[in-house]
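Colleague: Just passing along the structure, written as structure tokens.
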Amino acid sequence: MSMYGRDPWGGPLEIAADSATDDDRSRNLNDFDRAALSRPLDETQRSWLLGPGEQKKKKYVDLGCIIVSRKIFVWTLGTLLAAGFLAGFITLIVKLVPRHHEPQLPPDNYTLALHKALMFFNAQRSGKLPKHNNVSWRGNSCTDDGKGPSWTLTKDLVGGYYDAGDAIKFNFPSSFAMTMLSWSVIEYSAKYEAAGELNHVKEIIKWGTDYILKTFNSTADTIDRIAAQVGVGDTSDGNTSPNDHYCWMRPEDIDYLRPVTDCHGCSDLASEMAAALAAASIVFKDNKAYSQKLVHGAGTLFAFGRAQRGRYSDGNEAAIFYNSTSYWDEFVWGGAWLYYATGNSSYLQLVTNPTLAKHAGAFWGGPDYGVLSWDNKLAGAQVLLSRLRLFLSPGYPYEEMLRTFHNQTSIVMCSYLPFFTSFNRTKGGLIQLNHGRPQPLQYVVNAAFLATLFSDYLEAADTPGWYCGPNFYSTDVLRDFAKTQMDYILGKNPKKMSYIVGFGNHYPKHVHHRAASIPKNKVKYNCKGGWKWRDSSKPNPNTIVGAMVAGPDKRDGFRDVRSNYNYTEPTIAGNAGLVAALVALSGDKSYGIDKNTIFSAVPPMFPTPPPPPAPWKP
């Protein structure tokens, strides 16, 4: 009997019971094995043949924390090594391939001069100097200022800046200097940063404002006096008492008494000091505690100046050196800065009061109209308030006076141009803003700053120029005026010399400056002992880098002699205007002004909406 079944390899299989011998079965099995091995077997088939105990064993790698297949481990490791090799190869190629950089333009002359002009303030520091002052021939000086019997308020007036080539600290021009520096930082902080000088100029300002805060009770809400001056310099009537003008000494060697002059009715000084603190509070707005301290001090000073009317120079020696002609311009100037610093509209109401503007001279000309200086701030105040109209346009009730200030600013800008005859010019092209009187450069740099700044204001307001009568002038004309004046100071003049010490190859070597003219040789020269250095014909042993001297005469002439301060003496008020003009013109014009920082504290101004339309009737 035969049985039929299905061959597991695909064909019928006949099984005959007991019909074959053992040899036949063995032969058949051999034939089966050869047939089975002659074709490839899949995994299931191999498992059937091999059986469970004969399966192929996989290999593993024990990594301690995990066991992985050796095949996976090898592939992973190989992939990582290949990726690392490829990354290294690409990096090597990038480093070896030559790069084609755009050549970096060298700094312009205004930027180069800016670095030096700021160094002058380091040389003028009084008190205990910081370690990084970087003026090797200067040291600690006048560390007893304020301790004399003439000043009893704080007993500490150490610090601040010496005014010029002497060691007197005149608070009126030095406060103006700090205001100008702060204004330039507020408008052109990006340019300072590009030049690498932002931290330096802020440090200079803080050195000045820290000292101003010492000159009155800055924590009080009301005060009745402020310090106006430290040291004296009157040598009239044959006075031979040792003082800061009679003696020719390094500040470090001063051993004579330095009296303090205070004042009770000094509206001009108090308002200028208020302007300095208010402007600086915007510069330091990121330091909230210090900024608020400055704002509080500014408010206290301005209130004192408004309440105690008078000129600070009345009846004292300041009238000889820094006589103030009026305090009304300081009211407009200080009030404008306090408005920007606080956003308090009462200050804006004050400075746009027509009566105040009239007293400040906003409606009439005169020979010195439009000349910004330590004495007259009107031109600066009008530019500052024109800014408000151009960018915020507050409207009623301020618009009428702001428009007047804007129009007057336009007239001042016209007067700077060579097409008009408001001011003469030397044959070399220097504008005579002080009408041929000595020490012209301090006025020129202030005008160059205002012209550049107003030009930048107009451009930021998308205004291509302004009118002088029927004629329209481009903003480029203002910038060209500023450049020609600053280029004259930097060396493009008939003398072919730079009036900034250390800039260029030809500059004044006999600067009227006590500390610069006496060598640092460990010899202490007394009051008269230093006269030999004053009268020496040799160049100063110390280079007072960045000092802008008083300047040439009205015929472009200049005498490089130490004894004539009208040619060779620098001042911090003059150098502040110099720094402001240089940074305004420096670098890439595309930087422009910072439109918003000055308005940080000013609340949003929403114009009064028009009345609703009348109800519609058919």
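Each Cβ is built from the backbone N, Cα and C atoms, and glycine gets one as well.
All TrEMBL annotations are machine predictions without curation.
Worth saying up front: this structure is predicted, and the values here are computed from it rather than measured.
Quick paste of what TrEMBL says about this protein:
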- 72-94: transmembrane segment (TRANSMEM)
- 110-582: domain 'Glycoside hydrolase family 9' (DOMAIN)
- H512: active site (ACT_SITE)
- D560: active site (ACT_SITE)
- E569: active site (ACT_SITE)
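Set these features in their place in the structure for me.
Modeller: Other Cβ atoms within 10 Å of the Cβ of H512 (active site), summed over all protein chains shown, number 25.
Counting every protein chain shown, the number of other Cβ atoms lying within 10 Å of the Cβ of E569 (active site) is 21.
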Colleague: Below 8 Å Cβ to Cβ and six or more residues apart, same chain only. Which residues does that give for D560 (active site)?
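Modeller: The list for D560 (active site) reads P508, K509, H510, Y567, T568, given in order along the sequence.
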Colleague: Over the domain 'Glycoside hydrolase family 9' (110-582), work out the mean pLDDT and round it to an integer.
Modeller: 96
Colleague: Take the C-alpha atoms of E569 (active site) and H512 (active site) and report the distance between them in angstrom, rounded.
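Modeller: Distance between the two Cα atoms comes out at 5 Å.
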